[in-house]
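Okay, handing you the structure first.
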Amino acid sequence: MDNKYIGILTSGGDASGMNAAIRAVTRAAIFNGFKVKGIYRGYEGLIAGEVKELTTEDVSSIIQRGGTILKTARSETFTTPEGRKKAYKVIQKENINALIIIGGDGSLTGARIFAEEYDVTCIGLPGTIDNDLYGTDFTIGYDTALNTIVECVDKIRDTATSHDRIFFVEVMGRDAGFLAQNSAIASGAEAAIIPEDRTDVDQLETFIGRGFRKTKNSSIVIVTESPENKNGGAIYYADRVKKEYPGYDVRVSILGHLQRGGAPSANDRILASRLGEAAIQALMEGQRNVMIGIRNNEIVYVPFVQAIKKDKPIDKSLIRVLNELSI
């Protein structure tokens, strides 16, 4: 890639640790003799030509910052052939020979289609708090979000206990229950409602009631968000419990975008640094159109089609763990 640039962008929802990944990609690239161009506002910015060369100074003192210095956006235009054609013209104009994309399944889907249509080498880094990309144990931003949820639930437990209340706490995750399941275990919640293991209201009352009948004077139920309430979010389940078991004092707390912000955890900084450096190594090895992941603490290359098409399974044994420990 003599006299060529590596382009880097962040796309979709932001996740803490993206800046650490930008830093790692930029510094590893420069260390190995490449130049880097940052693309602002994701694919939308690529189409608009919002491109700037990055130096080591540009990425100094960003490892500890949440969000992304390159900004991010969702792009409807890039989903069209016309939009991708405009993006490719910018790639040619800016002399970019390889593109590194940090984002979730939608971002990597865009990268896969772009790579198939044009002769552009694309490397993906898993950046999403949902932790739902197949082929990697962890995604950038997941650990920070998990810690944020646990911190919030700890505070909610204080007020729930003071008032003998049940709180339904809604967290992000879309179609994946990693955040809800693991934050429930880490915070000592009574139950988790996740897409992979839907709980009905009577089961829920069993989990809640057995605690109140013993020594507990509060209950926490962590619920994965449900887009458009197709399967019921925290409000849906809270309303059902209020209606069918009116003796309980029920409240709802939706954590929302709190989960995306804040300084990245040490684990996310290390993960992002490893994945970012590995992306440059992958390019030097001639890899293309793969996501860089981590499995059993080892770097792996996952073809885009696997990362975005396969469902990442949740550890069902954790459902048993939560059930046994919530008595």
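Placement of Cβ uses the backbone N, Cα and C atoms for every residue, glycine included.
Relevant sequence annotations retrieved from Swiss-Prot are reproduced here:
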{"type": "BINDING", "residues": "GLY13, ARG74, SER75, GLY104, ASP105, GLY106, SER107", "note": "ATP binding site"}
{"type": "BINDING", "residues": "ARG23, ALA24, VAL25, THR26, ARG27, ARG157, GLY188, ALA189, GLU190, LYS214, LYS216, ASN217, SER218", "note": "ADP binding site"}
{"type": "BINDING", "residues": "ASP105", "note": "Mg(2+) binding site"}
{"type": "BINDING", "residues": "THR128, ILE129, ASP130, ARG165, MET172, GLY173, ARG174, GLU225, ARG251, HIS257, LEU258, GLN259, ARG260", "note": "substrate binding site"}
{"type": "ACT_SITE", "residues": "ASP130", "note": "active site, proton acceptor"}
Let me know the DSSP-derived helix, strand or coil state of ARG251 (substrate binding site), please.
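In three-state terms, ARG251 (substrate binding site) counts as strand.
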Taking DSSP three-state, what's LYS216 (ADP binding site) in: helix, strand or coil?
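Going by the DSSP assignment, LYS216 (ADP binding site) belongs to neither helix nor strand, so it counts as coil.
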Pick out which of the binding-site residues GLY13, GLY104, GLY106, GLY188 has the most other Cβ atoms within 10 Å of its own Cβ.
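Output for this query is GLY104.
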Which one is it, among the binding-site residues ARG23, ARG27, GLY188, LYS216, that lies nearest to ARG74 (ATP binding site) by Cα separation?
ARG23
Looking at Cβ-Cβ distances, which residues of the chain lie under 8 angstroms from ARG23 (ADP binding site) while being 6 or more apart from it?
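In sequence order, VAL59, ILE62, ILE63, SER273, GLY276 meet the Cβ cut-off.
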Closest of the binding-site residues to VAL25 (ADP binding site), Cα to Cα, picking from ASP105, THR128, ASP130, ARG174?
THR128
Could you tell me the maximum Cα-Cα distance in Å between the residues recorded as binding ATP, namely GLY13, ARG74, SER75, GLY104, ASP105, GLY106, SER107, rounded to a whole number?
14
Among all protein chains shown, how many Cβ atoms are found within 10 Å of the Cβ of GLU190 (ADP binding site), not counting that one?
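Excluding its own Cβ, GLU190 (ADP binding site) sees 25 Cβ atoms within 10 Å.
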Taking the centroid of the Cβ atoms of GLY13, ARG74, SER75, GLY104, ASP105, GLY106, SER107 as the ATP site, which other residues of that chain lie with their Cβ within 8 Å of it, listed in sequence order?
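Once GLY13, ARG74, SER75, GLY104, ASP105, GLY106, SER107 are set aside, the remaining close residues are SER11, GLY12, GLY42, GLY103, THR109, GLY110, THR128.
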Sorry to bug you, but what's the C-alpha spacing from THR128 (substrate binding site) to GLY106 (ATP binding site), rounded to the closest Å?
10
Whole-number Å only: compute the distance from the Cα of ARG27 (ADP binding site) to the Cα of SER75 (ATP binding site).
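Rounded to a whole number, the Cα-Cα distance is 28 Å.
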How many Å separate the two farthest-apart Cα atoms among the substrate-binding residues THR128, ILE129, ASP130, ARG165, MET172, GLY173, ARG174, GLU225, ARG251, HIS257, LEU258, GLN259, ARG260?
32
